[in-house]
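Chemist: Got a structure for you, questions after.
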Ligand SMILES: Nc1nc2c(ncn2[C@@H]2O[C@H](COP(=O)(O)OP(=O)(O)OP(=O)(O)O)[C@@H](O)[C@H]2O)c(=O)[nH]1
């Protein structure tokens, strides 16, 4: 007996995202519902956390977060990722309703090992964009296609998106997701990530007060 109950093809490149299963996920701030999805095209496993009734047709407070193992799980202060994830989960908990999609695209899409290579280059003086380029990658290799079928499966329509990243807003809107408002998500600035945040603001155009 399989747990796979839905197959949702997205528009465009014939992306196939399978919904696998859901469970409770108690956290310090709320007990979320945890939903598992597999992107059969890219072979990646993605997650979504929901709280409250997100399928009622009203815009939903939302975060689309890309995996950062070092920041999200290992407390790294090189970036702001873990602090942003925690802030987003707390905001959804405070609101009692919302969705957080956790996309498994580590290191802005270059993968964990290459992110460590990029960190080494940053230790030697490059900024986060230069390091990616030095390794032969683009500034940002992420794709957000999987978000559309995940939102469709969850019944999420329009969103209030928590992000400082203009490319993320553009990418979701290009998929047909209505971003009603952008909610700034500034958290986790510290002396170790000052250069990183400055590079995100200056090189990647993030709306971050520096
Ligand atoms: N290549 C690379 N990736 C990094 C570095 N620091 C963090 N990351 C990755 O950057 C991504 C950050 O994802 P998000 O927090 O969802 O997005 P964002 O572009 O910061 O935009 P926000 O929505 O404003 O947070 C994750 O995939 C991290 O693993 C770095 O120095 N180099």
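The chain as shown is numbered from 1 upward.
Cβ from N, Cα, C; glycine included.
Keep in mind it's a predicted model, so treat the numbers as computed, not measured.
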Chemist: Please state which member of 84, 178 TrEMBL lists alongside 63, 64, 65, 66, 67, 106, 107, 108, 128, 163, 168 for binding GTP.
Modeler: 84
Chemist: Can you tell me whether DSSP puts residue 163 (GTP binding site) in helix, strand or coil?
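Modeler: Residue 163 (GTP binding site) sits in coil per DSSP, no helix or strand.
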Chemist: Looking only at Cβ atoms, how many others are within 10 Å of the one on residue 81 (Zn(2+) binding site)?
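Modeler: Counting Cβ neighbours of residue 81 (Zn(2+) binding site) within 10 Å gives 21.
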Chemist: What recorded positions in 106, 142, 163 place CB under 6 Å from ligand 1?
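Modeler: Among 106, 142, 163, near ligand 1: 106, 163.
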